[in-house]
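Asks: Take this structure, written in structure tokens, and hold onto it; I'll ask about it next.
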Amino acid sequence: MEGDGSDSLVTIKNIERELICPACKELFTHPLILPCQHSICHKCVKELLLMLDDSFNDVGSDNSNQSSPRLRLPSPSVDKIDRISRPGWKRNSLTPRTTTFPCPGCEHDVDLGERGINGLFRNFTLETIVERYRQAARAATAIMCDLCKPPPQESTKSCMDCSASYCNECFKIYHPWGTVKAQHEYVGPTTNFRPKILMCPEHETERINMYCELCRRPVCHLCKLGGNHSNHRVTTMSSAYKTLKEKLSKDIDYLIGKESQVKSQISELNLLMKETECNGERAKEDAIIHFEKLFEILEDRKSSVLKAIDASKKLRLDKFQTQMEEHQGLLENSGLVGYAQEVLKETDQSCFVQTAKQLHVRIQKATESLKSFRPAAQTSFEDYVVNTSKQTELLGELSFFSSGVDVPEINEEQSKVYNNALINWHHPEKDKADSYVLEYRKINRDEEMLSWNEIEVSGTSKVISDLESNCNYAFRVRAYKGSICSPCSRELILHTPPAPVFSFLFDEKCGYNNEHLLLNLKRDRVESRAGFNLLLAAERIQVGYYTSLDYIIGDVGITKGKHFWAFRVEPYSYLVKAGVASSDKLQEWLRSPRDAVSPRYEQDSGHDSGSEDACVDSSQPFTLVTIGMKKVFIPKSPTSSNEPENRVLPMPTSIGVFLDYDKGKVAFYDMDHMKCLYERQVDCSHTMYPAFALMGSGGIQLEESITAKYLEYQENM
């Protein structure tokens, strides 16, 4: 149990990093062996499970995605630890549901199964080594007797059966000769007590006597007979002990024999570190030189610009000064007016005329200048404002030379905007790039672009949240390999929806026809199936009879505000109607669906009927557009042509619906380009619902929300 000499103590002191728990960064305390063969403190496993279970119950926990669960976990409450440690605990509403967590050592997911912590082995060997290290670290500090009355005496031996340390007197008292306790196994003073026989965590009354070669863990005979290892290859514990000890001994002997080679490689690594240090300093000096050259150019340009501004300022001030002096001359008792007054004193007519003619011309010019006063120069220096927008952008992109790193390309088909923006890109050298930087910025109405926002990404896709509605955003990406950066990709411009995304599912309780419609379990997809009922009714269908529409609506209504939602119509669909309808209109449709079987009944049906023209200006309690045969049929309006081809558009990949309840307006959008296809007024005096109707074969899929959780799962895959 204890060190055999000073060499052993020195060896123990040199292995400290092997004895540190990867979770709490402290010496192991009762370490457990995880299925991935890494060890972790007993208390750390509990804390990990409790923390992950709490985060699972927390609604906002989806946004917390850390590569490592923690560096130091908060201390859980005692009742929680007792609850999770209880033997045979199951996952239910009262106990933690999480049995999977990332191993702090290798970051791979570890599943503890139904038994949880109780199914893990305690690493007694590691625990013993940690105890020897503790004793060596504290220079063999005395271990005190556990049974002495205060003050306790120094212990001389520890009983492995009693799991306690004793001084000589106490040992004699509690282990008297001639009793069963006298036969207990005792060792030198220690605080590390471990059982003499390892018991199976799955079958607590069975000894460990075999080793599963597939799972690489000790098992009992019940595990082999009818447990999880019944079909695995197992061997005896003595055989596994002998084999593993021989392998470990050979590995150690090999490493000891390669000591000179290891020392040589350590020396080489030291040289490489020094070389890296020198090269790093040299690279910094080179970078400083380049930046100083830029500073010199900027200083030179700054000096010339300031000189030009000073020269223009002096010229303008001189013009203003001359003009001001001329005007001062027009004042009484000074300048031109004073001179004219003196000329008027001349009595000799010939002399007066000789002088007054030229003076009269000057006075006339001065009078005209008073009537049409114009400053001699401009005060604005707008022509001298330095435009540094392009230079600022170029300096912002300043990076190391991108030799060897290709430019990533944004995949326009896989990139889209809905409630968030999902940006996907492709990189020819994906495995050679360490990371990417995704940049995005908003483009104002006047095409003015704001500064770029940057996000570092490890994969080739990213979800961007918190974008403003009804705005254009530019996206671009660049790749990094070490300190080398690639140029930016071509920009992708996406337009966000005109309003926040409205979340709803199909309502299978209101108007849903289960004979004709098939709804999936998620309630986000509905398909129309004709079935035998339609075939049996086919012989009764004559000219002038129309098959009824099967309606299905959203399970959430709208009573105020602006909302947007989107859906996809399967290309094979024969006839699908989509839009909005008020609660009172839905009740009318669902009570007597045969009243609405004729397309002429619906003013927005897309068919050529007189009722459309008559009622197009009146606000209706519903608005539906018709989609079918890979086309979208736009209803008539006074501003559109009556030609049918002008009302038939190709069906977009996704169709968006924008409802402004307060203004009573509904619009339909092509989601591929966020372009409005059709807009009209709608009566919103009642609760409005997303409404759909199908006839014949067809399918509708609600547009799925872009979520970070889904994307990160895809990246990890």
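From the backbone N, Cα and C atoms, a Cβ is placed for every residue, glycine too.
Bear in mind that TrEMBL entries carry predicted annotations, made automatically and left uncurated.
Feature list, courtesy of TrEMBL:
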DOMAIN    21-72  domain 'RING-type'
DOMAIN    195-237  domain 'B box-type'
DOMAIN    344-401  domain 'COS'
DOMAIN    407-499  domain 'Fibronectin type-III'
DOMAIN    484-711  domain 'B30.2/SPRY'
REGION    597-616  region 'Disordered'
COMPBIAS  601-610  compositional bias 'Basic and acidic residues'
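Help me see these features in their spatial surroundings.
Replies: A Cβ distance under 8 Å defines the sequence-distant neighbours of the domain 'B box-type' (195-237), meaning residues of its chain 6+ beyond its ends; these are 33, 35, 37, 115, 118-121, 124, 160, 185, 243.
The average pLDDT computed over the domain 'COS' (344-401) stands at 77.
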Asks: Where DSSP helix means H, G or I and strand means E or B, what are the helix, strand and coil counts for the domain 'B box-type' (195-237)?
Replies: 7 helix, 11 strand, 25 coil
